[in-house]
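Beneath this line is the structure, given in structure tokens, with notes to follow.
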Amino acid sequence: MSRGTIYTESTMDFQKVRKIQFGLLDPKEIQAMSVVQVENEKIYDNGIPTDGGINDLRMGTMEKAMRCSTCQGDSKECPGHFGHIELAQPVFHIGFIDLVKKILKCVCFNCNKLLITDKHDKYSALKRVKDPKLKLNKVYKVCKDIKVCGKADRKSETYTEGSGQKQPRLRKTGLKIKAEFPIDEDDPSTNDNKRDLSASECLKILGRISPDDCKFLGFDMVLARPEWLIISRLPVAPPPVRPSVCMGSNIRQEDDLTHQYQQILKANNQLRKHLSTANHIINENYQLLQFYCATLIDNEQAGQMVSRHKSGGKAIKAIRARLKGKEGRLRGNLMGKRVDFSARTVITCDPTLDLDQLGVPRSIAENITIPEVVTPQNIDEMRKLVINGPNKWPGAKYIKGEGGKMIDLSYAKTTETFIDYGYVIERHLKNDDFVLFNRQPSLHKMSIMGHRVKVLPYSTFRLNLSVTAPYNADFDGS
């Protein structure tokens, strides 16, 4: 949206979201959502992001003095836009290489048809399987034992449709798929029967699988085609996802992802430059590109060499590490909740409290504040709280005055402090305020409930015994 455009409310009917469908990124989709093809290895030129570089201004910016060249938004308004890198040769996706191997075991290397035919005794049962993931695994279990394309079953010596060609044995080692082809005694050229399958070769085979065979394997032709499991066009995340940190006046520390994208660009440009040279030089540059693309996605794969910074040797934090686990984006940021104005202590029982009451220690009540707007009805009470100040309960800690100016009552003379209608007083917690009380693990909605505050001496939360059941609480220190 360009600056100055007047926002108008949509006239579309409200719809209920029933489900979210995930799929694989189509190279055409990556091209469509990209605003720039990234090919310049240099990130900055005299402090300004280079055109076609990893921090090209068309992808957005985190610099306060600059604006996004695509939407004209500043660092607060622009969420960023994706770019892309055209790879000189396709590479394996580290998360899908096992899946690629499974699919290759299910199709013929020559005609690219399924190794299992409708004459097979398990064909009908496999066709009835609905779960896509389960379906691929079941088809793989049957096809991995089929050695010749077109045989009706393992014991049959008669061929149905198919090429009749013997199939290679496949195994994954690191970021490679190794193929061992059967030796033909009449053909001496088959003696050297072991070789690595390139991602380009696998891409051609997967791309030639028919729509019907893809569906039989459990793939969706709109959301996830088999050939999309191999990377031929790499999306580049926008700079707001990987902001740089200024260490001094002229020193800029780039994010790990930016560093990795730069390494990918260097390896990709070197590979493109040497495509017409000797095979061993091409292979060396290709393996480097494969390594950097893999460690951009996952740098913690077992048995895989770790990508590190050249200075300091610190391991790169890859995309997977940012998403997974308790500290990741999903559990740590999206699902995890962090709040201000909260307190934590041990609970003890108090049968004298009402069911909806919560005994709160005075020390906590003096620390947690509630903002209350000054009105004609409460101005006298607010003045008393301000006079009591932050160290006498019930009192107040801050005043938010005209223009949002904050006054800390720890340093002000409370008796001389002026308040007026519309001011906001950050007052202490007092009796009959409503608060939310939570005990982990929060397994159901009754793990967080509302209570009326009753300020009490000592240092523990007090709770009526009859309220402990929904919290699954006891009084042994939990």
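Even glycines carry a Cβ here, placed using N, Cα and C.
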Matching residue for the Zn(2+) 2 site, where Swiss-Prot names Cys108, Cys111 - out of Cys68, Cys71, Cys149: Cys149
Asp474 (Mg(2+) 2 binding site) and Cys111 (Zn(2+) 2 binding site), distance between Cα atoms, whole Å: 68
Cα-Cα distance linking Asp474 (Mg(2+) 2 binding site) and Cys78 (Zn(2+) 1 binding site), given in Å to the nearest integer: 49
Cys71 (Zn(2+) 1 binding site): tally of other CB atoms within 10 A of its CB: 18
Sparsest Cβ surroundings (other CB atoms within 10 Å) among the binding-site residues Cys68, Cys111: Cys111
Least Cβ-crowded entry, counting other Cβ within 10 Å, from the binding-site residues listed as Asp474, Asp476: Asp476
Cys149 (Zn(2+) 2 binding site) CB neighbourhood, other CB atoms within 10 A: 24
